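Input: a single structure, listed below in C-alpha cells.
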Amino acid sequence: MYYGFDVGGTKIEFGAFNEKLERVATERVATPRDDYDKLVDTIVGIIQKADNDLGCEGLVGIGLPGMEDARDGSVLTSNIPAAKGRFLRKDLEAKLGRTVTIDNDANCFALSEAWDESLQGEKSVLGLILGTGFGGGLVFDGHVFSGMNHVAGELGHTRMPIDAWFSLGEKAPLFTCGCDNKGCIDNYLSGRGFEQLYAHYYGENLKAIEIIKLHATGEAKAVEHVDRFMEMLAICLANIFTGLDPHVVVLGGGLSNFELLYQELPKRIAKHLLSVAQVPKIVKAKHGDAGGVRGAAFLNIKK
C-alpha cells in the first residue's frame, strides 16, 4: 500500500493507494501551521489509523511546498512555519519505525501526471505549474529527478532570457522575487505574474479569470496583454526545453485552464528552438487537486 500526503499551508490531504494505484482511503484535516509537535502527531495519527483500517503498513510519501536541505535533511519552507528548519522526515521515521520520503509538491504533481496511464510509456515528463507561482518537476523513467541539492525543477528561480525581456517592451518591469533576486521568471509566468503584468501596463488590478474573459470578448487591452504574455512564455519555455529536452510537458495550475495556451504555445515555441528540435507534446494535467497526494504516494514506487 502506498500512502501519500499533500501538506499545504492550510490543509493536509491524505490518500492511500493499492498496488493497482487505485485510491482506497482519503482524509483531510487542517494543517497545524505553528505547532510542530502537533504537525508530527497529526501525520502519525493518520498513518496509524490507515494501518489499522487497511491491515498493513503503507509506504509513506509526503509532498510539501518546499524541500529538504540536501546537507542535513531539514525542511526549507515558508508556507508551514512550524516545519521550517525542522527534521520532519527523521522525526516521523523515529515515531513510525519505517522509511518516509519527502519531496517538493511540484515534483509530486509531475510524478502524478507521469504515472497516468496515458503517459506511462513516456521516457521523460516535465510538469509545469502556472498557478500562484511558477515551478515544475522532471520525471525520468517514472522517478523524480531532484538533483544534487534537491532544487532541480525550481525553474521559477531562473532568470528571464534576454529576448523574453525584450518582448515586454520598453516599459518592462523588473520585479524583485521572494528569493531576493531580480528577474526570476516566477514573477512573470505565474498566474500572479499574469495579473501583475496587466496591472503594470494598464493600471488596473484584475484577476486572471477576468482578463481571460475580456480577451474572449476581443477587448483591446486584454488581447494585447495575452499576446505579449504568450510570446514571453513561449520564449521562456523554449529556453527550458532546450536545456531539458522533455518528451512530454504537462501544464497545471490556474492558468493551465486557458485553452488558448495549447493552440498558441506549440507554434510560438517552435520559432525559438534549435532548428533540429521538435516541440514536445504539451497537455493539460488530468488529476487536478488530487495530483499532490497521488504523486507523494508514488514517490515510493519502484518501476
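Glycine is no exception: its Cβ is also placed from the backbone N, Cα and C atoms.
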Out of His157, His200, which does Swiss-Prot tie to the same Zn(2+) site as Cys177, Cys179, Cys184?
His157
Which one is it: of the binding-site residues Cys177, Cys184, which Cβ has the fewest other Cβ atoms within 10 Å in this structure?
Cys177
What does the structure give for the C-alpha distance between Thr10 (ATP binding site) and His157 (Zn(2+) binding site)? Integer Å is fine.
24
So which other residues, same chain and not among His157, Cys177, Cys179, Cys184, have a Cβ within 8 Å of the centroid of the Cβ atoms at the Zn(2+) site?
Gly156, Gly178, Asp180, Asn181, Asp186, Asn187
Distance between Gly135 (ATP binding site) and Cys177 (Zn(2+) binding site) at the Cα atoms, whole Å?
13
Sorry to bug you, but what's the C-alpha spacing from Val139 (ATP binding site) to Cys179 (Zn(2+) binding site), rounded to the closest Å?
25
Residue among binding-site residues Gly4, Gly8, Gly137, Val139 with Cα closest to the Cα of Cys184 (Zn(2+) binding site):
Gly137
Measuring Cα to Cα, how many angstrom lie between Gly8 (ATP binding site) and His157 (Zn(2+) binding site)?
20
